[in-house]
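Worksheet: the structure to be examined is printed underneath.
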Amino acid sequence: MLTTAGLSLPMSQVAASKQKHTLPDLTYDYGALEPNINAEIMQLHHSKHHATYVNNLNVTEEKYQEALAKGDVTAQIALQPALKFNGGGHINHTIFWTNLSPNGGDEPQGELMEAIQRDFGSFQKLKEKMSAATVAVQGSGWGWLGYDKESGRLCVAACANQDPLHGTTGLIPLLGIDVWEHAYYLQYKNVRPDYVKAIWNVINWENVSERLQSAKK
């Protein structure tokens with residue numbers, strides 16, 4: 001039983017009343033990031049791939065709640081890989097869309113730039129280090145700029161598949177670059193370095209700065 005605001009609800013009702021995850025709207029058109037990322041890729045990536053993670057996450061969470069209500073630990077364990085994969089896919093892409101902007105590019109400003117210069121030496125060195133780590137991801141995965149709350153420093157990291165940065169490494173995600181082939185193959189084919197080079201032209205540094213401020217709280 002779960003007690004909320006004086007009301008006792010059985011787990012089955014809690015599962016039924018739980019709000020479903022939804023696909024976030026983009027703040028720009030699918031073609032707005034051209035020529036760096038074309039409209040066809042953006043439409044498929046957002047409306048098909050991300051939507052699939054959201055739908056599968058909702059289904060998996062429903063099954064997980066049922067397993068919890070039954071006390072079925074075996075079923076809970078069996079569902080955890082799907083929770084990690086689809087939950088990570090939803091978390092990662094929700095960050096990714098906001099990290100991009102048709103008005104992006106240029107260089108970060110203010111505290112973010114100061115932190116980059118302190119922890120990497122220069123903005124160019126950050127780009128080189130993060131690009132190298134991202135291009136080097138074996139198979140599918142993500143390159144990340146994260147914030148280490150314990151040390152107060154910025155770090156570059158890479159995660160396989162849809163593993164979420166925070167849940168996997170403890171770093172708070174600030175900027176992610178998706179290097180699953182569905183993110184670039186229709187335009188860049190198998191030349192991942194060209195895609196990674198181009199994506200810097202549409203990075204929304206204002207969003208990254210806001211994430212850094214939130215991470216410091």
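Glycine is no exception: its Cβ is also placed from the backbone N, Cα and C atoms.
Long-range C-beta contacts of H45 (Mn(2+) binding site), restricted to its own chain and to partners at least six residues apart, with a cutoff below 8 Å, comprise H93, D178, H182, A183. Feature annotation from TrEMBL assigns Mn(2+) binding site to H45, H93, D178, H182.
Positions annotated as domain 'Manganese/iron superoxide dismutase N-terminal' by TrEMBL: 20-101. Taking DSSP states H, G and I as helix and E and B as strand, the domain 'Manganese/iron superoxide dismutase N-terminal' (20-101) has 59 helix, 1 strand, 22 coil.
Per TrEMBL, domain 'Manganese/iron superoxide dismutase C-terminal' is recorded for 108-211.
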Given the binding-site residues H93, H182, and counting only Cβ atoms in the protein chains shown, which has the most within 10 Å of its Cβ?
H93
Extra residues within 8 Å (Cβ to Cβ centroid of H45, H93, D178, H182), Mn(2+):
H46, H49, H50, F96, W180, A183
Would you mind checking how many other C-beta atoms are within 10 angstroms of the C-beta on D178 (Mn(2+) binding site)?
25
Tell me, roughly as an integer, the mean pLDDT over the domain 'Manganese/iron superoxide dismutase C-terminal' (108-211).
98
